[in-house]
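Working notes, structure below.
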């Protein structure tokens with residue numbers, strides 16, 4: 001007699017069988033539900049930003065462990081790392097001029113480790129880098145994020161240029177994982193360490209976006225739309 005499936009396993013099996021549009025709809029609904037839940041259980045929304053940085057640091061640590069243990073960068077996207085370095089550098093600048101605090105130190109540490117990963121991929125482990133699979137054009141995300149930041153940015157007492165930079169790094173952070181997803185799609189192989197790293201990035205991006213959305217919706221941070 002077959003043992004009954006656990007509820008979580010049954011739900012996951014059902015979701016996997018759904019068409020892409022249904023999966024996308026379920027993802028949106030789940031994200032909105034998670035935002036509402038975070039709204040009521042997290043009183044200081046800045047903690048979401050710190051949590052996002054902490055999870056990102058864990059993901060980077062997993063990546064560093066992979067590079068040092070396996071001596072290979074196969075399956076990793078250099079372009080995702082470069083996009084990450086760009087938005088971290090911009091956010092670090094904004095943090096220095098707008099709000100020097102624990103976020104600044106977290107960004108500095110994450111940027112340093114990201115630059116180390118870029119160095120390892122470009123030089124020490126260059127022979128194992130799948131450059132032909134890492135074919136996502138980064139200007140497809142950098143340019144739209146820059147334009148969107150010019151049009152939609154927070155209206156605060158800070159200098160307008162700094163506000164645009166801050167919006168730019170928020171938008172770029174949200175899409176910086178796309179080249180890594182393209183590599184995974186092209187190779188058709190997902191290594192455990194890479195999968196854990198991408199999962200950590202996904203959680204970190206969600207927490208960071210949740211912090212931004214909740215700040216906008218529930219802290220009366222006006223968004224200025226330039227037409």
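Each Cβ is built from the backbone N, Cα and C atoms, and glycine gets one as well.
What you see is a predicted model, and the numbers here were worked out from it, not measured in a lab.
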Transmembrane segment per TrEMBL, picked from 5-23, 24-42, is residues 24-42
For the transmembrane segment (193-214), out of 48-68, 104-125, 137-154, 160-181, most C-beta pairs under 8 A are with 48-68
Contact set of the transmembrane segment (48-68) with the rest of its chain, CB cutoff 8 A exclusive, min separation 6+ beyond the ends, reads 38, 42, 76, 102-103, 106-107, 109-110, 113-114, 116-117, 120, 125, 191, 193-194, 196-201, 203-208, 210-211, 214
